[in-house]
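Student: Pasting in a structure now, in structure tokens, and then I'll have a few things to ask.
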């Protein structure tokens, strides 16, 4: 049982790390800001979810597990809203940096 | 009653009360100022009577785990000096920082009082603290109380001055903090008394000492780290300038003395002491010359602070010198401390006097102050008396202080330190008389007062100036008090 | 097991470190902000992995706080990007053009 | 065990240094600030790595949270800077830069040498603290240091916080005194910002309460909890769901001074009950600490929130 | 663990140097404020390394408490500096300090 759970952790965490890698590749390689944004938010939150999943069996009790899930939930919420808002800014700005001072 | 605790707790209690009181905050002064002064006097009496350092473990937890407050003669004397200057400026400020109408509260009149009380509490916390990290917090408190005072009148040019002051002060305290961290890493304690027993001359202690010294120098505005001081001290409202120039810069100097003589006497190097004194010499000469060249009275007074602070650093290489010529041992150390105290009274008197002149005349251009002596005799007299102390003429506290320093320099064969001191006295005479001569001479067209200044207010700088002179007339008192808990390094020298 | 988790954390850090490059290169402010966001999510994952590896459950609270405030800086950025500094990019009148 | 941790250190430390270098050296100020935010996050990781969860919580909430928002907000409100030419805006020329670089490198090297020269075995107070901890009834030694053994530091520190707020308020233009800090935020109803502003504050309240409660026995405490509450409060303000309070309000001022006042009051009461300022009677240490922390948490939350909100900009309502 | 403590201690030392460089060299005040925060956190990391050296694995609680105090103090100072900067910029349009101290104001403006 212990071995199986450990194996599960290893697999899930590895898969999570892979998605982070994918997100990073997207961030570096995708041609424009919106596609980068898209790739990023999807991939890394999936990655975080898998890592949380992998760590669940190691949590001490249901409360700790709940806390782990809450971490993922908050991160998802942040990513979704931030992606939406930043995309708006990016669309409007047409690729310029905010505030003239940013150029200084 | 533990007066050491009350000396810190009372002003902070005043600060906490002042904010909700709003437009009635100035009334609180009538409670906080006298009781704070009383606590300080009681503390001095306690130290004097006991004849030894008063130590107080906060919460009953002894160092190294807990924090101790310590009051020896030096700290008690500075607490009393602070109380006197704060009370005088507080009374002075009552006319200025009160609500314009009974209904509305105004920004400056509400905020001045909690800031002043917090400044007082921070000064006492710095003078009484026995823990290096706690002193860091006290220093930050001091900075955060002092900086808003600089720009309290909301004049545009003071924002830059306040910001420059803040950046220098923050750099100073963060450098100090690096040293604190290293000392804890090396000796596992932050308590000054415990450190004194543990510290040895080794790399970590050298680095800590150097960084803390550099940080405190930035806060004391020793040349060449003085750039922030003149605009900040000259731009602040008079009551704030008085405490900033008289007291706040002394707190970081005091910590430097504590650091070198109490915590790390074994680490301090004679060459480093020489360097400090050389910088002090440069400060005396540059500051005095710059003070001579100022067009505005408050700026001249501010540059004079820069110069006078230089004297304080001459005590470092001179301690341990022979004292046969003097009735007291540790002449240079005593001289340095006395100079800090007499300058506190003299400089606050000068700034308050300059503030009254500015208020009455509407400007403070030195060239336009001819004949002001006839319009405001008491104020100009106070300015002159305070100038006496700055010049080091007898009978004044400044005279005794400089005499102690100069005779030690001569007796120990380090006559070259006496030269800048004497030159500084002459230059001080120059910038004081540059103001006094036209002020006392009859001008063709005596200045017109925009508004009369009540005698009650004029009396306040006069009392402060008299205190700085009086310090030279009752010489034995402060010395016996300074004796209590004096570090051995003050007598035997550093290193 | 602990070694694996720590090694995974190190791998993850290297992965998201590429985000630093994107912050440096931009080209748009949105790119920079989103790269910081990636580092934030990666950081949360690293904290969780370290908490599990060192068996210090208290560290999960750190991840919780990081996740809770993950949107905080980005919201401030979005606010600053509107014409008044106090608007909403979803409001039409905040178009700076 | 050590191998993997060493690998982690060898990744994390260079990343911290790189983020710091970029924060200082980035050409655009905005980029520098984004690097600073990332830097704060990386530092929080370093604190977790060093087993200092109490510090990591504070760093996560303050370093990576509030400070970044403060700087971003300030940048957005500063007038556009002229294109930077060395020397034109008071920035030093190459020679000065080089001198500064040499000075700073020397300082860092000297400091590094001092670190390497620190004695072995390292002195410290961990054992003394552990020996005294049971007497307090607290489980978290850092909380015991902050509120019991070095409570005086903490008392002065909360005064520092309040004083900084007075300093910020002192910069109010006179006609606006007593008014409301910051702009009134507008948001699209039912938009994403509003959604975030609705969801996060209750969650933050929950997390803040958890961190506060945990603080007595496990990492956490008044400062961390107060910062979290301040952050979600600011979020609700930015989402336009609530407005900052007018600074002339008596209730607000009482809340601000409440925490320090309760702390000072308990400290002075200690003179009678425990024979020492800031002492606690032996059987009441934990309840009194929790009382003080509760009062502090509220005051810290409001003070921090208003510190970031800045000086009043709108006349009192 | 001691090795890690030394590594982070050295990192802290380097951060102090980096921050100080920024504080000296950068003209924009916002950058100076940011650099000050870098120095501060470098010192905190130094303290953290000292805590870890003193008690490997569990950490010395005293430096940890000092760091938390320091972080809050640094934030207070930062907030005041930012507010001063915004007021300075609002009043004068400047967001740097010129190398020379600002010229003395005409005395007439000091009356009130």
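Cβ from N, Cα, C; glycine included.
Note that this is a predicted model, so its numbers are computed, not measured.
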Student: When you get a sec, could you say which of D:28-48, D:133-153 is annotated transmembrane segment by TrEMBL?
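Tutor: Transmembrane segment, as annotated by TrEMBL, spans D:28-48.
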Student: Given the transmembrane segment (D:222-242), which of the listed stretches D:28-48, D:55-76, D:155-172, D:290-311 has the most Cβ pairs that are under 8 Å apart from it?
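Tutor: Most Cβ pairs under 8 Å with the transmembrane segment (D:222-242) come from D:290-311.
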Student: For the domain 'MrpA C-terminal/MbhD' (D:15-79), how many residues does DSSP put in helix, in strand and in coil?
Tutor: 57 helix, 0 strand, 8 coil
Student: List, by number or range, the same-chain residues at least 6 past the transmembrane segment (D:254-278) whose CB is under 8 A from its CB atoms?
Tutor: 151-152, 154-155, 158-159, 162, 165, 284, 288, 291-292, 295-300, 302-303, 306
Student: Would you kindly check D:28-48, D:155-172, D:290-311 and say which stretch has the most C-beta pairs under 8 angstroms to the transmembrane segment (D:192-216)?
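Tutor: Going through each listed stretch, the top one turns out to be D:290-311.
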Student: Six or more residues beyond either end and a Cβ under 8 Å away: which residues meet both conditions relative to the transmembrane segment (D:155-172)?
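Tutor: Hits for the transmembrane segment (D:155-172): 179, 247, 256-257, 259-260, 263-264, 267, 278, 296, 299-300, 303-304, 306-307, 310-312.
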Student: In terms of Cβ proximity under 8 Å, which residues at least six beyond the ends of the transmembrane segment (D:290-311) contact it?
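Tutor: Those are 66, 69-70, 73, 143, 147, 158, 161-162, 164-165, 168-169, 171-172, 181-182, 208, 212, 215-216, 221-223, 225-227, 229-230, 233-234, 237, 244, 247, 252, 255-263, 266, in sequence order.
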Student: For the transmembrane segment (D:55-76), give me same-chain residues lying six or more residues beyond its boundaries with a C-beta closer than 8 angstroms to one of its C-beta atoms, as numbers and ranges.
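Tutor: Sequence-distant neighbours of the transmembrane segment (D:55-76): 29-30, 33, 36-37, 39-41, 43-45, 47-48, 211, 219-220, 223-224, 227-228, 230-231, 234, 304, 307-308, 310.
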Student: With DSSP as the yardstick, break the domain 'Na+/H+ antiporter MnhB subunit-related protein' (D:195-310) down into helix, strand and coil residue counts.
Tutor: 89 helix, 0 strand, 27 coil
